[in-house]
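Novice: Following this message is one structure expressed as structure tokens.
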Amino acid sequence: MSARSRSSSPEFDPLAFDQDFTPLPEYKAATDTALDFDGLLPESLKIHQDLRTGCGGQLWPAGMTLAKHMLRYHGDKLQKARILEIGAGGGLVGLAVAKACSYETPMYITDQLEMEELMAHNITLNGLNDKVKSMILNWGEPLPEEIVALKPDTILAADCVYFEPAFPLLLQTLKDLLALEPNATVYFCFKKRRRADMQFLKAARKTFNIIELEDEDRPVFSREGLFLYAFTRK
């Protein structure tokens, strides 16, 4: 997979959007959804959505975009990977990867306590208990012992930029993770909803090397305010 530096074209530059331009989607009732990501999965992934414990229980566009990207460009490259998803919600991205890919070390999908039951439910729903573990990981707090021991080198983060007071906590967790494994890559996708979201990206550029990832769907998802990056340690 190739990557390139941020384009100067306003169409693809999140910093060029200087006003809030899209509202949060309306919440959905609890439901089960089957996804094959435009045929990238031979067998559909089943995701239970439930907003009783927070908006992380719903499918969001950045998760769909990052899952498709990982399946399309990394599906055959993860055998030796040590994979972690942060801010996983119901586990969409990690579970899509687990459904399609062969890897030796069990993956961890993580979020706050409120999401733990939903993550575990979706793991079992897809028969992935041997490949995926769920865990609580609160941004800004010391990393769990299991994650320190794992030293993840493939970190998935979709739609983690949505609440400005959490930006410093998210940055600290990303710093801690990349300190564990200097060669790790964070695959990071978010939807720009308000001007404050860009403050996170500005702060992240001071700490990490950030490149925009090429994707054949980028002309489409960029028009929807979605941006896809790789973060690595400077």
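Cβ from N, Cα, C; glycine included.
I grabbed these lines from TrEMBL:
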{"type": "BINDING", "residues": "W60, G87, A88, G89, D111, W139, A158", "note": "S-adenosyl-L-methionine binding site"}
Novice: Applying a 10 Å Cβ distance cut-off over all chains shown, what neighbour count does W60 (S-adenosyl-L-methionine binding site) have?
Specialist: 21
Novice: Just going by other Cβ atoms within 10 Å, which of the binding-site residues G87, G89 has the emptiest spot?
Specialist: G87
Novice: Taking the Cβ of A88 (S-adenosyl-L-methionine binding site) as the centre, how many other Cβ atoms fall within a 10 Å radius?
Specialist: 30
Novice: Measure from the Cβ of D111 (S-adenosyl-L-methionine binding site) and count the other Cβ atoms within 10 Å, all protein chains considered.
Specialist: 26
Novice: Among W60, G87, A88, G89, D111, W139, A158, recorded S-adenosyl-L-methionine binders, what is the largest CA to CA distance in Å?
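Specialist: The span, Cα to Cα at its widest, is 20 Å.
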